[in-house]
Amino acid sequence: MALYSAAAAVLDGLERGQGGLKSLVYNSGFPHVRQLYALVSETLRYAPVLEKLLDGAALLQAEKKLPPQLAKVLVYDLLFGKGLKCGGRWKALARRHRARLEAELARLKVRHKVSRNEDLLAPEQASPAASQVPRYVRVNTLKTCVDDVIDFFKRQGYSYLGKAASLEELRALSGKKFLLDPHLPELLVFPPQTDLHDNLLYTSGHIILQDKASCLPAFLLSPTAGSHVIDACAAPGNKTSHLAAILRNKGQIFAFDVDPKRVATMNTLLARAGVTGCQLAQQDFLAVDPGDPKYSRVTHILLDPSCSGSGMVTRGPGEEVAPSAERLQALAGFQRRVLGHALSFPALRRLVYSTCSLHREENEDVVQAVLQERGSAFRLVTAFPSWPCRGLAAFPGAESCLRASPAETLTQGFFVAVLERCEEGADAPSSLPVAAEEKPQPREETEPGAAPRKRKRKKQRVKE
């Protein structure tokens, strides 16, 4: 299904009450779910403005076969988005009316006495946080290396400014400039509105469009090559592909998700990323038997369970921003159960628990409750000591956890806790910081926090 048709179908489903934004996007069958999610979210955010433009330009009267939801998507991308980079006959149709639509937009700005498109939005619709978060690009080291990707973008006319020394440098990015992230060695940073969904590096799986905060769980889990790893709630698969890159496709990943359509989408993503050695199962992780011999060598688990999603800065108007106390209680109960279940795998040595939630109930409170249940079996690790945003002071040692936010870290809102099994005679919880500030267990021939060395040319080379 084409992007614009898929977006119109999601909008239609929302209007009919067939589900929430996230579920409709994931169930759409469209292969690039993040691209679809972003387009639908922004179309919803501009919906009142789009309706005025459609009425003023009389577009639906002139094009009687054009469905209203599709018209909104097309006009959004034409006037406020990327300028209709795809769309076939629908693109040609919308462009025929471009002059009339642009004139109507100009009149609307004059009436509201504003000069910027975003100033047409009501205060509750404006999203300054989303406009501040850069476009993060993770280099997929299963297919290429950082140096080659930098060279590719330079040949496309981008200016590489080197490794960033501060978040202020990331804030100042504009135009066709990009940086190497100051914390994660395989992460490139572009200005916020950079769209790379049609770029050859993305469509071929050489780069992954993934928020920086979402890269933290696999980065901090840091399994060594050859390890057996579980990704407990895996879809859509970006973290799974990150784990595979860290493992260099050596070892075994067991990935679980209960939703069949999400699993199908994930299968496509992993294939494009060149992931091997991953057993993907449509299964509830809570139903997985820790005593099964298949999992007897699992030493690392990445657990990113369902949550309120309150940290997502691209949330759409149809989504629940402030979940009820009952909803939070139900989510936290599930999160405690799934974390306790993950800690019951007999060979487990290290676990990362993460959410894209801002709520203490889903984060520090869950970790505290499960650690109390487990007694002295596991402890929190003070991972990434240089990270500026720490856990809330909910219990002694909670500062070992990490938090992320648009204001403090220029990322989506996120929470990460790293747990390790206590060995006999080990020190008190949270007293064992990760050895390398930038990387828990550096891989071979890579200095902590440094870009990976350039690989031999046996890696696939993408030609323009």
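Including glycine, each Cβ sits where the backbone N, Cα and C put it.
Curation does not apply to TrEMBL; its annotations are automatic.
Source: prediction; values computed, not measured.
What TrEMBL annotates here:
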- C356: active site, nucleophile (ACT_SITE)
- C233, A234, A235, P236, G237, N238, K239, D257, D284, D304: S-adenosyl-L-methionine binding site (BINDING)
- 91-118: coiled coil (COILED)
- 436-446: compositional bias 'Basic and acidic residues' (COMPBIAS)
- 452-464: compositional bias 'Basic residues' (COMPBIAS)
- 125-422: domain 'SAM-dependent MTase RsmB/NOP-type' (DOMAIN)
- 426-464: region 'Disordered' (REGION)
Spatial separation of C356 (active site, nucleophile) from K239 (S-adenosyl-L-methionine binding site) - C-alpha basis, Å: 13
Stretch-averaged pLDDT - the coiled coil (91-118): 85
Recorded positions compared (C233, A235, C356) - highest count of Cβ atoms within 10 Å: A235
Where the record names C233, A234, A235, P236, G237, N238, K239, D257, D284, D304 as binding S-adenosyl-L-methionine, the maximum Cα to Cα distance in Å: 19
C-alpha spacing of C356 (active site, nucleophile) relative to A235 (S-adenosyl-L-methionine binding site), in angstrom: 14
CB contacts for D284 (S-adenosyl-L-methionine binding site) [other CB atoms within 10 A, all chains]: 13
Nonlocal neighbours by CB distance (under 8 Å) for G237 (S-adenosyl-L-methionine binding site), same chain, sequence gap 6 or more: A255, T265, M266, L269, L270, A273
